[in-house]
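Read the structure below first, then the notes.
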């Protein structure tokens, strides 16, 4: 019987079951009418009663109930992961020992995607002399400080004296000063280097999502659909036009998932997983970095459970190698960041409260080319944190994918968008997580929607894969054309929005004054124009975590009546005989006290000793006072706390990689995921359970239906 014949039999079966409920000779239609009428009449009243009962409970009880519910859901998920068996379904690439035959589309579609993403460099760099719009100014400020520290003073950028009186720079958690953008900034300049880096991050996101989808679908159009929806959706486009922060953090998520799926197959997969873990820390720890951690952990746990028992040792050794690469690449940054985070006292403040209807509105609302003219500064920022345009075509394909069964990407999308709708009501999961470490400090919960885009993209890819496997050319053409429509829509949106990134005209009024050789602090202003000419900003952007823009501080600006310069003694203003971001040298009277207009820190040393032991990385309300030695010399220099431990982490990482490699060499095991089995054991082994549409050979260019344990059987179709 054909597939259409079986489908028609199912339809007739459903009609036969419904016939008694519409038979005029039966009481069932009358019963159905009464039940529906009572439901319509009493349903709203019942909902009101339920809500009244719930909200009559004490707030602490509702909050505890919500937290208990989220713990129960996590427990169910962990139990499900623990019950996974080696015979469960897994990506095709993790089961197949060889690669499918490559078609022409396999070769040209990835290159078309790459060229499409690279074309966005033109609008991004269309204003090379402009200043940063919105959060771009915040990032330009930090990287200009890095550029000046390296090129002008020849020092490592440990300290940023131009940011609110001085803060750590290379170890700032939210910005990766030493990252993929650093060489571009040093060679091309700050705006151009960051613009190119943002486009490269988009390219990495699209490429990673393409490879992740390829693991599951083995169909180029399906993989392209998933990559486009994740890497180029309207939310990503708008957020990238407003700043670099999302681009630098979300590009690593699909790569982490990709190598977590693959780990246990080859030693190199573990090395690559460690590389992308280090990439997250070096490029900047942002919201997507936190959100990727539970996803990658869940995938790794399933990868461990799905492996045959004889392959689990290899997987653990590959994981040890991943940890080794991670420590080897970012040990110095990891140790210094952890000490900064332990000092953090960020308030748990949240204010987002959306609904599923508003979420649906932002999913289908396409931002206009001049959307910033429709909002003031505050409303524009809110819109940028809520928009997540994908369009009706993508949403329709997601709905169609539900007809083919519930998969893990549906769970991912549902969980992330549920977390993104708000953090105030007891039924919003983000409200339950506000007391959790790290997660609770991520105030803007609407950014969960970016991780949900990965689920939407894979759902769209599953439909495209099925349709591209159809024997009817019209269905295959429809799938390809829909992917093309979505891609063109997102690329056009990017070309419309990216000129906004550096659209602020460099008017002379934006500069605080002529260039100065040493720092002079001003009260307020755009960060990049000030740092470009050597000025610091006291009421500048939030430098990191709990240090807010308008927080009280003892640092003075030149506009303040009490301002006496950047350093002074009781005798008056004093100039250093040497000034640099990381080192200051004063020559004053023996034993004289020197006041410095910078933030005291546990990183400052005075004449070879810690100047402020036991303090945080930056103290806004503590005076900076140091005493000269008997010769009147005072040497202030930055020595990062935890750096020696970080160097030890580098050594430990190298040792861990070597141990993992040697243990694999001592007991070599087959690298095949499907080990050979003979005799009775082979006859009792189960065939890996593949998705139904793959077993039928629909939607995949490589058929695995005849794959068995032991001897590999030909997979050609008859």
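For all residues, glycine too, the Cβ spot is worked out from N, Cα and C.
Per TrEMBL, the features are as follows:
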- 30-57: transmembrane segment (TRANSMEM)
- 64-82: transmembrane segment (TRANSMEM)
- 184-206: transmembrane segment (TRANSMEM)
- 242-261: transmembrane segment (TRANSMEM)
- 273-293: transmembrane segment (TRANSMEM)
- 314-342: transmembrane segment (TRANSMEM)
- 377-404: transmembrane segment (TRANSMEM)
- 411-428: transmembrane segment (TRANSMEM)
- 448-465: transmembrane segment (TRANSMEM)
- 477-498: transmembrane segment (TRANSMEM)
- 643-664: transmembrane segment (TRANSMEM)
Does the transmembrane segment (643-664) come near the transmembrane segment (64-82), with 3+ Cβ pairs under 8 Å (pairs 6 or more apart)?
no
Do we see three or more Cβ pairs under 8 Å linking the transmembrane segment (477-498) and the transmembrane segment (273-293), pairs being at least 6 apart in sequence?
no
By a Cβ-Cβ criterion of under 8 Å, what residues six or more beyond either terminus of the transmembrane segment (64-82) are in contact with it?
57, 298, 301-302, 305, 426-427, 429, 431-433, 435
Other same-chain positions with a Cβ less than 8 Å from the transmembrane segment (448-465) and lying at least 6 residues past its termini are 209, 212-213, 216-219, 221-223, 225-230, 233, 235-236, 239, 246, 250, 253-254, 257, 287-288, 291-292, 295, 359, 388, 390, 394, 397-398, 400-401, 404, 407, 409-417, 419-420, 430, 479, 482-483, 486, 693, 699-700
Give residue numbers and ranges for long-range contacts of the transmembrane segment (314-342): same chain, 6 or more residues beyond its ends, CB-CB under 8 A.
168, 170-173, 178, 263-264, 266-267, 269-271, 273-275, 277-278, 281-282, 285, 300, 303-304, 307, 544-545, 617, 640-643, 645-650, 652-661, 663-664, 669
Long-range Cβ contacts under 8 Å made by the transmembrane segment (242-261), restricted to residues 6 or more beyond its ends, are 90-91, 93-94, 133-136, 138-139, 174, 176, 179, 181, 194, 197-198, 201-202, 204-205, 208-209, 211-212, 215, 230, 236, 269-270, 272-273, 276-277, 279-280, 283-289, 291-292, 295-296, 299-300, 303, 384, 447, 450-451, 454, 500-501
